[in-house]
Amino acid sequence: MTVTAPNALNFECETGNYHTFCPISCVAWLYQKIEDSFFLVIGTKTCGYFLQNAMGVMIFAEPRYAMAELEEGDISAQLNDYEELKRLCLEIKRDRNPSVIVWIGTCTTEIIKMDLEGLAPKLEAEIGIPIVVARANGLDYAFTQGEDTVLAAMAARCPTSTAISDPEERNPIQRLLNFGKKKEEVQAQSSQYHPHPPLVLFGSLPDPVVTQLTLELKKQGIKVSGWLPAKRYTELPVIDEGYYVAGVNPFLSRTATTLIRRRKCQLITAPFPIGPDGTRTWIEQICATFGIQPQGLAEREAETWQKLSDYLELVRGKSVFFMGDNLLEISLARFLIRCGMRVLEIGIPYMDKRYQAAELALLSQTCAEMGHPLPTIVEKPDNYNQLQRIKALQPDLVITGMAHANPLEARGISTKWSVEFTFAQIHGFGNARDILELVTRPLRRNQALAGLGWQKLVAH
């Protein structure tokens, strides 16, 4: 089925079999991001094996996540769910004493209809630790949506200003920027900001990237009131009705919906700060929302592109095919088209056209400016059909999930794991180089092998 959008982008929906990680993998980066948390995944042995393989076995460190393994007694309702979870949570409290316990529901808890949302408030009151329930199960479209589910649950837990005596104390980034300064200096610095409604940014990013984006907005006179998630659960941002929110990742549509509907926030619809072009447009949209004239962004973007010139020479004219895995595909395709690459197809497990509207508009604009034909966006791609198209098109690079990387390499097609873009620092002006470092690695390897004369794999 083909749908032609008003901006002439072609959308196809194949509803086929595609491969992506399980969303419970979000625990891998969220437990590191929220330092005072403990993640309890409630599932079967399969979930436990997956977590061990996906995150590695930590021998010397005690990780802040665990597996509550469902047994036959749980599934046949012979055991009391409440008592079993209470026993585990009391053990976690005794050993780790976290500020929050996050229960991660799985496919099995969905199938046996475990009422985690009903159990959590009673247990929370009994043990005295907040319990957040997130259904990050394999019924989702992509593994990154696990983070979306957790952040949507946490958005409902963000305090209001009436419940907090000093909201500024809950802003760790602001405290970091003001560290070592006298009170008078802090007050003088706060006068540099333009008057605007409070702004909260949502999306889990490494701390250096959080600081970079906060400083980029500070240069424009925009103060970030907080980030969701914060580094600590006790520092979740204050969110009141009428606050403005902006996302930094394309897979956070549930969180955006929760902030709009339940917390009555205003969503700033903007492309995502991936690549110099996306970062500039993201900042411009936030400035435009607050009626602020952006300063020096064109120069900042031009300077970044200049620093990328060595990589741009490598990728210009090369073709890339996205099989679809982590919902970053539209943003990455738009950036690579701006770099001079040819995008043959954008496969994506799920497309929220409202949340990604600004990103799709920027993709169309980028194609027009670069003289690139509008790529076809295939939602829920059928991997079998994709493999036939890859065989016919012979792209220089395929960005794919792990399942297809080795089979494609065996057929002489260069691949890059899409999961690497999830874990790499790809946001902001300064990190565009990291994206191109990942993209060009297979291309540079091919060049090096060709230089050695090793162009064919010979089987004996």
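Please read every residue number as a count from 1 along the shown chain.
Each residue, glycine too, has its Cβ placed from N, Cα and C.
Since this is a predicted model, take the numbers as computed values, not measurements.
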| Binding-site annotation, Swiss-Prot, [4Fe-4S] cluster: partner of Cys22, Cys107 in Cys47, Cys158, Cys265 | Cys47
| query | When you tally the Cβ atoms that lie within 10 Å of each candidate's Cβ, which of the binding-site residues (Cys22, Cys47, Cys107) has the highest tally? | reply | Cys47
| Assigned element (helix, strand, coil) containing Cys22 ([4Fe-4S] cluster binding site), judged by DSSP | coil
